[in-house]
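A.B. asks: Once you've had a glance at the structure underneath, I'll fire off some questions.
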Amino acid sequence: MTMQIKIKYLDETQTRISKIEQGDWIDLRAAEDVTIKKDEFKLVPLGVAMELPEGYEAHVVPRSSTYKNFGVIQTNSMGVIDESYKGDNDFWFFPAYALRDTEIKKGDRICQFRIMKKMPAVELVEVEHLGNEDRGGLGSTGTK
């Protein structure tokens, strides 16, 4: 069964988005021209607001070409938009930090999102032992 998501566009000039068959991510585009100077931060408007189904959230990340094409990184590594952010004026943004002077044009694909189920309710139970030996971590796999 296909999930339906209600979407509102900032205005009629925004490119309509859709999911393509070749992947699990949906591209998002800049809603306006944005100039960012090196070492500057800006919220790039994406021109969409959505009403996610109950129990789901959106994960927003840069496209693989975002840094190469625009010289920006997403400041929070991954954006998480939960089901409560669904008002008529709750438009999505891409938090961009520029590592060089750059121009992002209206319609440029700069990030992507996917819909994920929210984490189930959990209870953290404090214990003295976890039942296994220390395994290393921090790059230790396969070094012995």
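Each Cβ is built from the backbone N, Cα and C atoms, and glycine gets one as well.
Remember, predicted model here, so these are calculated numbers, not experimental data.
From Swiss-Prot, for reference:
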- ASP82: active site, proton acceptor (ACT_SITE)
- SER64, ASN76, TYR85, PHE93: dUTP binding site (BINDING)
A.B. asks: Taking the Cβ of ASP82 (active site, proton acceptor) as centre, how many other Cβ atoms lie within 10 Å?
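C.D. replies: Step by step: centre on the Cβ of ASP82 (active site, proton acceptor), count other Cβ atoms within 10 Å, giving 11.
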A.B. asks: At a 10 Å cut-off from the C-beta of SER64 (dUTP binding site), count the other C-beta atoms across all protein chains.
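C.D. replies: There are 9 of them.
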A.B. asks: Hey, what's the widest CA-to-CA gap across SER64, ASN76, TYR85, PHE93, the dUTP contacts in the record, in Å?
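C.D. replies: This binding site's residues have a maximal Cα-Cα distance of 26 Å.
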